[in-house]
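Below: one structure, written as structure tokens.
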Amino acid sequence: MELSHLPFVAGELARGAWVTVQITLLSAVVALVLSFVFALLRLSPLRPVRIITAACIEFLRGTSALVQLFYLFFILPLFGISISPMTTAVIGLGLNFSSFGAEIVRSAIVNVSQGQRDALRALDFPPLVAFRRIILPQALPFMLPPLGNLLVELLKSTSIVSLITLSDLTFAGASLITTLGDQTLIWSMVLLCYFAMAWPLTRLVAHYEQHHTRYRQIGSR
């Protein structure tokens with residue numbers, strides 16, 4: 001590839017990377033909201049609700065994220081439901097990753113001692129107030145590191161959206177190869193772009209985990 005093509009390549013990859021960032025952030029919001037919804041439903045006192053929610057989570061976890069995207073993008077239009085590639089990506093990835101986030105959130109909530117939850121009920125705290133002011137602040141330190149790791153995995157998994165014609169970073173790389181050739185250089189640049197986006201997140205999660213570990217050690221003395 002000629003050096004004169006580098007500005008064009010860099011611009012195309014930057015546009016693709018921006019699409020990847022948008023998909024990651026929007027999907028993360030959907031996944032986070034659904035993670036809390038699924039987690040709270042899994043903790044419902046009603047057994048049928050727990051069973052149905054667990055079945056939905058297992059289905060989402062046990063099926064391919066790519067096939068889920070294909071289903072939303074190719075099958076739903078057959079029933080008269082057409083959604084854009086961006087919306088498909090956000091909903092599909094958000095649903096898939098919420099099934100993993102739900103267990104993280106549920107485990108963190110359960111980690112708050114049963115004694116405290118019993119005391120809140122005995123004091124007749126409204127459930128929403130008790131959750132927001134007492135339980136959630138204690139559960140957050142346990143759920144944030146694994147949720148951060150899940151965000152990194154979500155970022156890397158966005159590459160599959162290129163298969164539903166979304167012009168993300170991977171799609172941009174493939175298009176450049178078709179136009180200019182030189183697979184080695186372009187795919188190397190794509191790899192570096194993904195690393196540049198993921199590395200700050202991994203460092204942030206690692207820093208928080210170290211800080212939280214020291215805090216727990218001090219608190220346990």
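Using the three backbone atoms N, Cα and C, a Cβ is placed for every residue, glycine included.
The domain 'ABC transmembrane type-1' annotation in TrEMBL covers 17-198. The transmembrane segment feature in TrEMBL is assigned to 20-41, 69-95, 134-152, 159-180, 186-206.
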Q | the transmembrane segment (134-152) versus listed stretches 20-41, 159-180, 186-206: most Cβ pairs under 8 Å | A | 186-206
Q. What parts of the chain pack near the transmembrane segment (186-206), using Cβ distances under 8 Å and only residues at least 6 beyond its ends?
A. 1, 9, 13, 16-17, 20-21, 145, 148-149, 151-152, 155-156, 159, 169-170, 172-173, 176-177, 180
